[in-house]
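K.L.:
If you scroll down you'll find the structure; I have some questions about it.
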Ligand code: GAF
């Protein structure tokens with residue numbers, strides 16, 4: 001946790017006056033429903049108690065000045081000259097500014113200080129958290145009167161245009177809309193949603209961070225999305241009413257995609273099955289049947305690894321290893337893939353022992369540290 005006072009002090013030291021506002025925008029986990037969001041399916045995420053924090057204040061000119069604590073770096077640009085830059089992190093701010101400009105928002109210059117405790121590259125959506133923090137902060141600073149869901153959509157568009165990842169809406173929606181102690185069941189077609197209490201009895205959610213992010217992540221993500229669109233295009237030749245994989249059945253895939261393109265078929269089948277797994281897990285959660293939730297998580301990992309092919313040896317190793325313990329009832333890779341964290345449903349009393357046993361074995365196998373992260377389902381973006 002980073003306090004409001006810490007952000008205010010740092011901001012003041014850098015920009016020589018106090019910030020007008022401090023905003024906290026969290027990272028997220030997702031219980032199940034991976035790569036379903038951009039196929040208009042369902043997801044089951046929630047925000048966590050790790051967040052990006054920004055301090056923001058107005059300037060008298062039309063300059064944007066940024067400081068990122070993680071990189072100890074400044075960045076400056078005129079509002080009239082906003083464009084994607086080579087350096088990574090400013091793009092998440094500039095992308096949001098650009099989207100607001102496209103909507104005709106009346107922005108002036110501002111100073112922004114950025115800090116956070118969401119581990120970067122761990123698949124916990126630090127980038128979405130930053131986009132939403134920026135959108136939320138500019139909204140209050142310039143009285144833009146933009147609603148929360150629109151802030152999420154602006155963040156998603158920023159990711160498409162300034163980070164080059166054609167992501168779905170899950171991460172930004174979870175960051176902005178989550179409610180403490182609950183998961184959000186989100187229909188990514190019309191963005192209708194409901195909150196479900198996350199009651200896990202004797203179990204806890206434990207994240208295991210592989211501490212790797214393989215470089216093909218963004219391009220492979222966009223490739224998977226393209227495969228899904230190709231599958232839809234093939235089905236549409238027979239069923240023009242089909243809009244996305246959400247409307248597609250396994251029978252349709254079998255008849256109209258499999259004979260044409262086995263690769264596309266396998267990817268699409270994963271998405272259709274994953275959406276089904278989500279519904280079953282969600283029903284089980286509502287009935288307190290945690291074991292079924294866990295089983296669905298294990299089978300989601302199988303699909304993500306073998307069919308959708310977005311896992312990596314480090315993630316597969318962690319999921320395989322925990323399977324041998326009766327105290328771990330579910331585990332899978334989480335998020336886009338190719339690194340980051342696994343999400344595990346573990347008996348509360350067994351969490352520390354599990355990490356103690358697993359960390360040296362993981363180190364031996366990959367020469368990498370394993371980091372365990374205990375998370376608490378938390379509220380979405382807020383003004384501190
Ligand atoms: C990434 C994306 F940003 C999300 O939109 C989602 O597609 C996820 O990967 C996979 O479920 O986090």
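Sequential numbering from 1, following the chain as shown.
Positions of Cβ are set from backbone N, Cα and C atoms, glycine also.
TrEMBL annotations: computationally assigned, not manually curated.
Per TrEMBL, domain 'Galactokinase N-terminal' is recorded for 9-57. Summarising the annotation, TrEMBL assigns site 'Transition state stabilizer' to 28. Under the heading substrate binding site, TrEMBL lists 34, 35, 36, 37, 221. Sequence annotations record features per position, and here TrEMBL assigns domain 'GHMP kinase N-terminal' to 91-178. What TrEMBL records for 121, 122, 123, 124, 125, 126, 127 is ATP binding site. The Mg(2+) binding site annotation in TrEMBL covers 127, 159. Residues or ranges marked as active site, proton acceptor by TrEMBL: 171. Summarising the annotation, TrEMBL assigns domain 'GHMP kinase C-terminal' to 283-347.
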K.L.:
When the number of other CB atoms within 10 A of each residue's CB is tallied over all shown chains, which of the binding-site residues 36, 125, 126, 127 has the maximum?
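P.N.:
Neighbour-count leader: 125.
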K.L.:
Determine, for the substrate site, the additional residues of the same chain whose CB lies within 8 Å of the mean position of the CB atoms of 34, 35, 36, 37, 221; present them in sequence order.
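P.N.:
Neighbours found: 33, 38, 39, 43, 168, 170, 224, 271, 274, 336.
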K.L.:
Taking every protein chain in this structure into account, which of the recorded positions 28, 35 has the most other Cβ atoms within 10 Å of its Cβ?
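P.N.:
Answer by Cβ density within 10 Å: 28.
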K.L.:
Other than 121, 122, 123, 124, 125, 126, 127 themselves, what residues in this chain have Cβ atoms within 8 Å of the centroid of the ATP site's Cβ atoms?
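P.N.:
Filtered neighbour residues, in order: 27, 118, 119, 120, 335, 340.
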K.L.:
Can you list which of these binding-site residues (123, 124, 127, 159) have a Cβ closer than 6 Å to ligand 1?
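P.N.:
By the Cβ criterion, which requires under 6 Å to ligand 1, there are no hits.
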K.L.:
Compute the C-alpha separation of residue 123 (ATP binding site) from residue 159 (Mg(2+) binding site), stating it in Å without decimals.
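P.N.:
About 15 Å separate the Cα atoms of these two residues.
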K.L.:
Out of the recorded positions listed (28, 37, 159, 171), which are within 10 Å of residue 124 (ATP binding site), Cα to Cα?
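P.N.:
Matched recorded positions: 28, 171, sequence order.
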K.L.:
Measuring Cα to Cα, tell me the gap between residue 125 (ATP binding site) and residue 28 (site 'Transition state stabilizer') in whole angstrom.
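P.N.:
Rounded to the nearest whole number, the Cα-Cα distance is 6 Å.
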K.L.:
So, in DSSP terms, is residue 126 (ATP binding site) helix, strand, or coil?
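P.N.:
Looking at the DSSP assignment, residue 126 (ATP binding site) belongs to a helix.
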K.L.:
Closest to residue 122 (ATP binding site): which of the recorded positions 28, 36, 159, 221, going by Cα position?
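P.N.:
Among 28, 36, 159, 221, 28.
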K.L.:
If you count Cβ atoms within 10 Å of each one, which of the recorded positions 34, 37, 159, 171 comes out on top?
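P.N.:
Within the set of recorded positions, the most crowded position is 171.
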